[in-house]
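Database features (TrEMBL):
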- 1-107: region 'Disordered' (REGION)
- 28-48: compositional bias 'Polar residues' (COMPBIAS)
- 112-124: compositional bias 'Basic and acidic residues' (COMPBIAS)
- 112-131: region 'Disordered' (REGION)
- H259: active site, nucleophile (ACT_SITE)
- K261, K492: substrate binding site (BINDING)
- H490: active site, proton donor/acceptor (ACT_SITE)
- S515: site 'Interaction with DNA' (SITE)
Amino acid sequence: MLQEGAHGKWTVSSSDESTEEVSDNEKPSTSLLSHAAQGKTSAPQYSCSEARKAAHKRKASPLKFIDKGFPTEARPAEKQRPGQEGSGWCLSSSDEEPEDQEKQVHKVTVKEEKNNVPKEHPPDFHQNNKLTGNRKAEEWCGAPSEGQDTWDLLNGGNPFRFFLTKVRGIEQSYNSGALHIKDILSPLFGTLVSSAQFNYCIDVEWLVRQYPQEFRKKPLLIVHGEKRESKAELLAQARPYENINFCQAKLDIAFGTHHTKMMLLLYEEGLRVVIHTSNLISEDWHQKTQGIWISPLYPRLPQGATGSAGESETNFKSDLISYLAAYNSPTLKEWIDNIQEHDLSETRVYLLGSTPGRYQGIDKEKWGHLRLRKLLREGASLVAARESWPVVGQFSSIGSMGADESKWLCSEFQDSLLAAHTSGTSILKCAVPIHLVYPTVDNVRQSLEGYPAGGSLPYSIQTAQKQLWLHSYFHKWSAEVSGRSHAMPHIKTYMRPSPDFQKIAWFLVTSANLSKAAWGALEKNGTQLMIRSYELGVLFLPSAFGLDKGYFHVKGKLHSESKDLVTSFPVPYDLPPEQYGSKDRPWIWNIPYTDAPDTHGNMWVPS
């Protein structure tokens, strides 16, 4: 359906309207059963968002870019406003003639092809970025890393235990120290007895193949948030596997999702917890930037140990049990018992979760951004002139922030991000810069995946047009430090860097995007916090790593050797972030981009 607004004319690929608070990747997806009934074989065989379905369709049937040039009767180029070319949407004034913008969409000949053959790549791309398709991607990542390398990583080579996923198509040195899901599930990590997978988007058949052959029949619990038709399809996927059971997360508040991404791995040798940012589908472990925190191997406690035994200084054990208890599911009782029976005292990170509900009193500080506020107040040291330290937020989807920054972003959310300030001096909010890192259209176009990478960046035109003020905070995605500038981010991170970006006061990796549904929003004059979704992340504070200066140094190249492992934190993208230029536009998934080809020579027409 053609619509018109402040950005000109565009075609919306889905009739779904954005909900007021929910980031677009968090909306419940429509059932795939109807697609199957209609014979739409291009749809993925698992439940996912409309944006991901569009990306899947474009990978299966790409639209090749054929530039026909300007017709002789077209207006001269100088009539086009700066920033309009190639953006797919533009901030045009209403007195411009909209028919010219509509013609922009139609000046390209659309040609569907069955095979996606790369035509154009950025100069630093490598020739091994040629195979396409889930199975070929899986073949590349199929074998776990060399045993000794993986063992070294887990035992002293990475004191923060923070990793990125491997990316196909980048220089191999940048995959040194990175992990694929097959690495995590390999026997090197432990002799698996049973496991639990908490996630949002799940391809059961693919997931089973990631386990080593000898572990594929071990008990597997999948914790999900699917309902109705989507739930029926998920259960149908698992029918061939007698070892798989399910736990449905209760989502009683509208538009909430089960967005947490966690693995619980019980071994003969102990227990391990993995908190990460990837969906359990092939695409998320292939050419995206993703984050993983892997716990130490937790040994079993001696029989008769007291209830408080095995707790860490960060209270990770009790917080993880509280998080699992919030599901209020008998199915998770076994895993709560497993955690209770192990020694988690070596954990150095803090757990930060969100669970759906409306919380008052002391319960307000258990979840969401008020939990972050409490942890920072209690654990982050004051640093001289901290008032001038900015805040960085980096994410892959965005909810509705309201009519202006005072509604949530620069009020309650920023108050939580700045909560390390406990001095009596008030902070002028405008004096604390907020840098929001979200990919531009060109970031996506020039990425390893090309335009289909935007399927996992589901910011919609319906949401974007309501909050043009937000875009002035946006900064480009750039990750030369990790070799991942062309691997679009699905990782979500938040941090407090120094003004020169050489230090950080804290770092958070989480499943939580920039949305009120994920972080919570205050109600009833601030006496109640309402959260819609399940989220989970880990917070790194210098004090937990024995650093009394109150900050980490920012590490240089991530794959380089460093003598100061504990003091240098591996921030996975470039600091300081670069603000959008006048021609940059945030990636919007449900409008077309037809003015320039991506790295595979294709356009983006989502419908």
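Easy rule for this one: first residue shown is 1, then count along the chain.
Cβ atoms here come from the backbone N, Cα and C positions, even for glycine.
Owing to the predicted nature of the structure, the values given are computational and were not obtained by experimental measurement.
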Distance [Cα-Cα, Å, rounded] between K261 (substrate binding site) and S515 (site 'Interaction with DNA'): 17
Integer Å distance between the CA atoms belonging to K492 (substrate binding site) and H259 (active site, nucleophile): 12
Whole-number Å value for how far K492 (substrate binding site) lies from S515 (site 'Interaction with DNA') (Cα to Cα): 12
K261 (substrate binding site): tally of other CB atoms within 10 A of its CB: 28
Neighbour-count leader, CB within 10 A, recorded positions: H259, H490, K492: H259
